[in-house]
Amino acid sequence: MIYRAILKRLRLEQLARVPAVSAASPFVMMAVGVFLMLMAGGVTISTTSQAFVTCGTVGLFLLLKGRKGRGVTCFLMMLSLLVSLRYMVWRLTTTLELHSPLQAALSLLLVAAELYALLTLCLSYFQMSWPLDRKPLPLPADTTDWPVVDVYVPSYNEELSLVRSTVLGALAIDWPADKLNVYILDDGRRKSFHAFAMEAGAGYIIRDQNNHAKAGNLNHALRVTEGEYVVIFDCDHIPTRGFLKKTIGWMMADPKLALLQTPHHFYSPDPFQRNLATGQNVPPEGNMFYGLVQDGNDFWDATFFCGSCAAIRRSAVLGIGGFATETVTEDAHTALKMQREGWHTAYLRQPLAAGLSTERLMLHIGQRVRWARGMLQIMRLDNPLLGSGLRWQQRLCYLSAMSHFLFAIPRLVFLASPLAFLFLGQNIIAASPFAILVYAFPHVFHSIGTLSRVEGRWRYSFWSEIYETTLALFLVRVTIMTLLNPRKGEFNVTDKGGLLQSEYFDLNAVYPNVILAVILALALVRGIGGMMWEYHDRLALQSFALNTLWVAVSLIIVLASIAVGRETRQIRHKPRVRATLPITLIDEHGQHYHAHTSDISLGGIAARLSTEHALPTQTRVTMLYHNEKDGIDVRIPAVILFSKPGQLHLQWSVDDLDVERQIVEFMFGRNDAWSNWGDFQPDRPVRSFLMVLRSIGGLFRRGQRLFRWQAPQEAPLAESEHVEEEKLEKKSLVLKPVRRSARHGATASLIVLLGLPAAIAPSLAQAPSRATPVATEQGATPVEPPPVNAPPPPSLPQPPGTLPTPPQIAPASAGELLPAATAVSLPTGPATQQMRERLSERTGVSPASPFGDTNTGALPADPSAPPIDPADAARVADGEITRTSTFRDLGLATGPLTLRGFSPLQGLDVIVPANRVVTRARITLSGALSPSLLPEASAVSVTLNEQYVGTIRVDPEHPRFGPITFDIDPLYFTGDNKLNFHFAGEYRRDCNDLYNEVLWARISDFSTVTLTTTRIAPDRKLSYLPAPFYDPNLRTPLRVPVVMPNPDAHGMLKASALVASWFGKLADFRKVSFPVSTTIPASGNAIAIGENLPIDARGTRPTGPTLSEVENPNDRLGTILVLTGRNAQEVEVAARVLAFSSDTLGAVGTKVVNDVTLQPRHPYDAPAFVPTDRPVRFGELVAASDLQGGGFAPPVMALPFHLPPDLYSWRNRPYPIDLWVRTPGGPVVDLETSRLDVHLNNNYLDSFTLKPPSLWAAWSERLVNQHAGAVEHAAALPPWLLFGQNQLKFSFDARPIDRGVCRRTPDDIHMSVDSDSWLDFRRGYHFARLPNLSYFAEAAFPFSRMADLSETTVVVPHHIDAGTAGTFMDLMGFFGATTWYPASGVQVADINDLSEHPPQGDILILATAGDAPKFEELLTRAPYELTDGHIRVGQHMGLQGIWYLFQDHDHAGLQDGVQANLNAPIAGAGVLLGAQSPYRSDRSVVALMGDTPSRMHDLVMGLRSKEDVPRIQGDLVLRNGDRLTSYRTAPTFTMGSLPWWMWLDWYLGTRPLTLYVLGLVGAGLVAAAAVRLLRRRAQHRLEEAARVKDTTDASH
């Protein structure tokens, strides 16, 4: 055993011998196995990985399917459930898209059907996991200990010819004659039945009212008979002689056993076997239930009573008030009630009786409809899942039985689902066809394959689908109506033994499926046509192919179900049964002939003679058959109808009842008569499917094709032959059976009961007073019996020789109910008294007391812009400078400005630096105006800051204009200027349509603005900071020169980090750089950082941490900001005050400052990052005015936001947005056709209507909602579209209401996105796989995890130059721009001092390639080596290619260093490298190197380039000029944490092989534990009765 092997491995094998451990081990194994299965089944992986898993599970199944044993079967069941679990998890978590009500309804309907199918599969495996295969239990040797048994044969309207055989077979049962009573329960009250009963010696019982159909009939019989056990046979079920000997043994052995059911075997073919071409080779429909399901139910002590062929303990039925009458399936409901009271049930899988199948499909459907109604009634009225008394195993078995009859709607959904795509264009499974294939195929394959193995010879693959499809459309209405009104419906008797004079096609039975087949055929044509003639991409073609295949399979199933409707001719009154029996024939001359039968029937036999001699036809012979084992010895007269050498056909000559009895005994009495009921070939799914196809072919075979709505009627009888069935009087009557010894010379013993209210049987005299009479209608009050004072009724004449008649009973009034204490008084004989005593001794109960129950960088400068003269750039003078910029240079990156009738206003920003003033300005415009415009009414007006500049006139003959130059008054200019163009256009004189295509004007993006500016003398005060170093109006990259007299002093780096990150925070999205020099620049502004720097022109030294603005000695208009102090610590204090308290410095030029106190930072609290622990309002990210716009098509509104890139959501669940939109009130905008488009990072997300809520919703919102008047929409942000820096864009596209001709359309409308809309990232967890340099490029991660970089150590060489110091400041500026927080906590370490104080946080290496060898210790976990001016893969990564085979390959564009044979020179290149920290496994090292500081500077500047950032990935990036190459070579490690269940999902989601192995281990553990527990329970079930029997025998 597995657990023993594990304990032995752990050297704990002694524990295996401890009983408690041994008993608990299967449960531990099962718990672990279930956990592993749930873990493996609940993980969603990539489609490619799932394809590998699919191949593995299918291959394993093919490997194991040929192996025998229940252990293998249990494992394959678990494997099937594992695969199906994976499929359903994938369906529920990945493939549901509910974009429209129709799609939502269709998608959810299919998912519900699939969930039902999975539930049914699980319950089927549970039921059939371990068929008990119970064997008969021997009876006591002394027959005097055998109980009295009453055999009931209920009948209502069946033909007597059908009932005779059953009664004669029951009378022939091998049982002591004085302990066997056979009763005909005739609810039809027919005199012919009464006469037959008297003739045969059977009892005969009728009642005065037919309440509750069969159940009422049985309850009435219970009250007037006394046998300890009751056996029930339907009127067509003929028992074998050994029925009681094989069943009563278990009943006697187990006093708690209330029921022992045997199979219902049918010796005539059912409609599927008879009507389908291959039906005779297919197991009957009922074989699976009686051959497998019931045997499995017996294992769980949940055997169902099936209404016939069962032995029942009388006290058990009386204890529940009789047979159930609340539903039309009284049998199953009765068993349920007994089991609720604590009684046991059992099943013997040996057919001990045989009956007739329904002859026609319509009758079969009617019978199944009744069964379905009854089981659904039980579900609604007495649900086994609720109430007390049942064990959980029994509840599941009943749930399986009840839920089975809900199949109609799911079956119809499965058949019709492809119509949604082919006819309606609805994609109800939101996945690629390949994904559907790799998930759905193993689910279907394992289900079919495992069920084929389990069901074997009892049910063939694909035939369940045919059976269900035949019934589905009839059951849909029944299912719905019964669930809604469970008390509706009556018991209907199924006709048996009918004939068909001719073949016909029963349209009445198949017309719903004919209609469905026509629809499916049209869908098939649509699918084939779509694949062949419609244009689509590969994905659409695959969708068409998949749905066409689906509809083809559905059509095959439906056609097979239609083929069943072709009813074959049936003119044989007595069905034949194949049987080979040794017989002897004696002719009229006494000659004996030995023969063997080939088939037998109640009408005759076919036999093979052992001689070639041919007997003459019409010869009378006597057939002899002797079976000593079964006690059969018959002599039956017959006539030869057909004879040829070695073969003849005989017809029985039935002269009297004794001959008929012998015929029945010969055909049905043998104990092994039906032992071959399951002799079919084991199922093979492919062969079974071919049989289905051949059956469909039979639908089109030649023959008589008569289409009828009902069965053809037999020829009418002659008028003289019309004999109406004579009926007995509608009164109660009990005819006592005649013992076999008294049958000769006496016909019957007759008891006339004109009324039953005062009769009291001894067996019911002790009935509990609380019991309500079975005949009572539900809800009625039992009526007290009237006094017995009526005169006795007259006696019927008695035949001679009958037994004495008991006293007559006073009649009851019409409609009077039978009290619990009344019954028929039978003579008290020894057998009856013995039965009473035995009942009390063995069960401890009596009828009086029955057994009881129980989850700053911007876009780089455009290369097409005109170059700036270097001389102008370097010149510093008081003179004027003239610059010319195109509209494209000014930020118009989307092409020309286009003005339309509905969007007449467009513009752009013209920025003037704060240290300059405009002295002259002009604009030069070019473009085009629509030639259809009216010149006198159309023009484009130009304004600057709402000041008029000029007008562009329309010239229809020359649509193009320009260049046109307008001078602009310099006084119009401010810092941030709005240059606007307003279009006014008309194309006709009366009225114009704003949306007409002829209303347009375009301003070229190559139009120019020319400004002449001059510098302004600075006012050097600290309160103006960050001016003049930073101008917020400028959109160009920020360049801040820095003077560091001693860049090699590491102490100055922390102060420079504060300064650089502060400017980075200010610059935000613009690039910011810090060129470092050791001397003051020749011109412009600069920042000086160092110890003891002069703070004024006189050379005064600092007296403490000092900030001072002084004139650039080389440029009188330039300013130097000095940060100094007496030591490095004071310089750092000055920098910290500048970064955190610049607004408190005052209007002074120099100030000695005091340090500021900073609160400790927490992870992920950077001001730039959107909080992930609460919803965030849009108004927290941008001003409300930025989310408003005017006109029908206002400019795009942008919502930028930053996120930590390590956000991880459960299976990439999107993050919600609650979006509120405000639109104009009144009849201005056509809200039905207007929309709002939402984009995320330039990717389209969704479109939303502007239509407001209903009037009632709008009114109610105004009472309680702060968003009253706004329209709410729900959107979602997919995680794969989110990065460190993100931008949501909102584009309104409104349409004006059509006001008719010459009605003015307002154009001054406003629309907005409410600033109280919010984003919500609370479902995200911080978890990332590192190294990932894309995270570093997007958001400086993992260093930005702490906003102040307090867990970051920058390691630099012992000696650094100004270039390296400048790169360091560039990098700190990048961090500040990313986090919007100065780097107050960053640590700077000398590589020489690192061994003494190794950093515990994240490490950033900054060095040139020449210093790379000094950093080898920090890069020991990197897969690369930097030696000899080259970077190559280290020797320790020689086996890296093997790892690469199993890693996740979702990183597009990445190369593997091993496979690429990386060996690149570093000369002229920059290197960005990520690795795991050598000091902590959850920390990172990022190295930024280059052969020169300028290469390092280029690498840092690339981190703020929108062109470069997407190309920075993996764990290594090489930059050569503008070319970036990314590599991923080393395995990744993780940073952050997840809940354990999410971590398992993530871990297995990227490791399909591990998932596969864990799933198999889990399935194996569950299977091993299940086999052990099931085997133990099977032994207990079979030994329990034997132990009780031994105990009882010992007590006697």
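Cβ coordinates come from backbone N, Cα and C, glycine included.
Noted in Swiss-Prot for the protein shown:
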ACT_SITE  Asp187  active site
ACT_SITE  Asp331  active site
BINDING   Asp234, Asp236  substrate binding site
COMPBIAS  783-809  compositional bias 'Pro residues'
DOMAIN    570-669  domain 'PilZ'
REGION    1-749  region 'Catalytic'
REGION    145-238  region 'Catalytic subdomain A'
REGION    315-375  region 'Catalytic subdomain B'
REGION    769-812  region 'Disordered'
REGION    828-868  region 'Disordered'
TRANSMEM  25-45  transmembrane segment
TRANSMEM  106-126  transmembrane segment
TRANSMEM  396-416  transmembrane segment
TRANSMEM  421-441  transmembrane segment
TRANSMEM  505-525  transmembrane segment
TRANSMEM  544-564  transmembrane segment
TRANSMEM  1553-1573  transmembrane segment
Across Asp187, Asp234, Asp236, Asp331, listed as recorded positions, the smallest other-CB tally within 10 A is for Asp187
Find the shortest Cα-Cα separation between Asp331 (active site) and the recorded positions Asp187, Asp234, Asp236, and name the residue that gives it. Asp234
Cβ contacts under 8 Å made by the transmembrane segment (106-126) with residues that lie 6+ beyond its boundaries: 77, 80-81, 84, 88, 91-92, 96-98, 396-397, 399-400, 403-404, 406-407, 409-410, 413-414, 417, 420, 424, 426, 428-430, 447, 450-451, 454
Could you give the number of helix, strand and coil residues in the domain 'PilZ' (570-669) as assigned by DSSP? 12 helix, 50 strand, 38 coil
Secondary-structure category, per DSSP, in which Asp331 (active site) falls: helix
Residues of the same chain, at least six outside the transmembrane segment (396-416), with any C-beta under 8 angstroms of its C-beta? 109-110, 112-113, 116-117, 119-120, 123-124, 126-127, 296-297, 300, 302, 304, 332, 336, 371-372, 375-376, 378-379, 384-385, 390, 465, 468-469, 471-476, 478-479, 516, 519-520, 554, 557-558
Cα of Asp187 (active site) to Cα of Asp236 (substrate binding site), in Å and rounded, measures 16
Give the nonlocal contacts of the transmembrane segment (544-564) in its own chain as ranges (CB under 8 Å, at least six residues past its ends). 271-272, 275-277, 361, 414-419, 421-422, 433, 436-437, 462, 465-466, 469-470, 509-510, 513-514, 516-517, 520-521, 523-524, 527-528, 530-531, 534, 536, 692-693, 695-696, 698-699
Take the domain 'PilZ' (570-669) and average the pLDDT across it for me. 90
Can you see whether DSSP assigns Asp234 (substrate binding site) to helix, strand or coil? coil
By DSSP assignment, list the helix, strand and coil residue numbers for the region 'Catalytic subdomain B' (315-375), in that order. 31 helix, 7 strand, 23 coil
